[in-house]
Amino acid sequence: MNQGQLITLEGIDGAGKSTQLTWIKEFLQRRGITVITTREPGGTSLGEELRAILLDNNLTIHPETETLLMFAARREHLDKVILPALERGDWVVSDRFTDASFAYQGGGRQVKKIKLEVLEQWIQGRMQPDLTLYFDVPVELGRQRIGAINSTDRFEKEQGDFFNRVRAVYLQRAHEFPDRIYRIDASQSFNEVQAAIRRILETTLFSEPNA
Ligand SMILES: Nc1ncnc2c1ncn2[C@@H]1O[C@H](COP(=O)(O)OP(=O)(O)OP(=O)(O)O)[C@@H](O)[C@H]1O
Ligand SMILES: Cc1cn([C@H]2C[C@H](O)[C@@H](COP(=O)(O)O)O2)c(=O)[nH]c1=O
């Protein structure tokens, strides 16, 4: 049996990832693929409990504690959801994964990159997503889109400077890992973003060799 594929969606808050998640799932299902969708932090019982703590607006959490909790949730997620699915041959689409830790904890909170790399190596070894779709929007647009929602969590309430640092790390990683991370201009209309996703999926995951 073929190993499944892990696709991750990344971007600053309000970029439009979650909006496209179901469409991506259905696009893959139409090709006969069994797909599970999930999210980080979260995706397991413990992960969802950690998510509630991490997003709680009433808590003050040290940046390194926040980092460790993100990776703790990820360890559970890999063990209980992602790796078993990939081993069954199912595909996994995750709303965020480790790039978010580099962007938010590394960029936003300014936790040293080497500490994140050590945790990444510890938790994942050499394992990486097969494909990462990075939804890129200017910080102001992301904030406007979140503003339309009405509730803000512990990250969403951060100021523009924080999100500028988060976005800068995402852009830097897209540059550093061009074979894995594809930047999508997510400031476009819903249909244009969807068309861009379709093109990337078709050229990266479904292109016929020698066709
Ligand atoms: N291409 C688009 N054009 C206009 N509005 C959009 C677009 N994509 C998403 N939105 C709207 O922006 C808001 C945020 O979208 P969404 O929840 O998908 O973002 P997200 O990246 O998942 O954010 P978060 O990480 O904070 O959950 C929603 O109200 C959604 O309807
Ligand atoms: C995986 C991960 C997530 N975050 C942050 C990014 C978001 O602000 C929240 C999750 O909320 P969403 O509405 O589901 O996007 O968590 C982070 O800081 N570090 C991470 O590793």
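We count from 1, first residue shown onward.
Here the Cβ of each residue, glycine as well, is placed from N, Cα and C on the backbone.
As given in TrEMBL:
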| type | residues | note |
| --- | --- | --- |
| BINDING | GLY11, ILE12, ASP13, GLY14, ALA15, GLY16, LYS17, SER18 | ATP binding site |
| DOMAIN | 9-197 | domain 'Thymidylate kinase-like' |
> How many other Cβ atoms are found within 10 Å of the Cβ atom of GLY16 (ATP binding site), counting all protein chains shown?
Replying inline: 20
> Among ILE12, ALA15, all listed as binding-site residues, which has the most CB atoms within 10 Å of its CB?
Replying inline: ILE12
>> Can you name every residue in this chain, apart from GLY11, ILE12, ASP13, GLY14, ALA15, GLY16, LYS17, SER18, with its Cβ inside 8 Å of the center of the Cβ atoms of the recorded ATP site?
In response: PHE135, VAL137, GLY142, ARG145, ALA186
> Which one of the binding-site residues (GLY11, GLY14) has its C-beta surrounded by the most other C-beta atoms within 10 angstroms?
Replying inline: GLY11
> Should we count any of the binding-site residues ILE12, GLY14, GLY16 as near ligand 1, judged by a CB under 6 A from one of its atoms, and which?
Replying inline: GLY14, GLY16
> Of all the binding-site residues given, ASP13, LYS17, SER18, which has the fewest Cβ neighbours within 10 Å once its own Cβ is left out?
Replying inline: SER18
> Checking the binding-site residues ASP13, GLY14, ALA15, GLY16, LYS17, SER18: which ones have Cβ within under 6 Å of ligand 2?
Replying inline: ASP13
> So what's the average pLDDT for the domain 'Thymidylate kinase-like' (9-197)?
Replying inline: 96
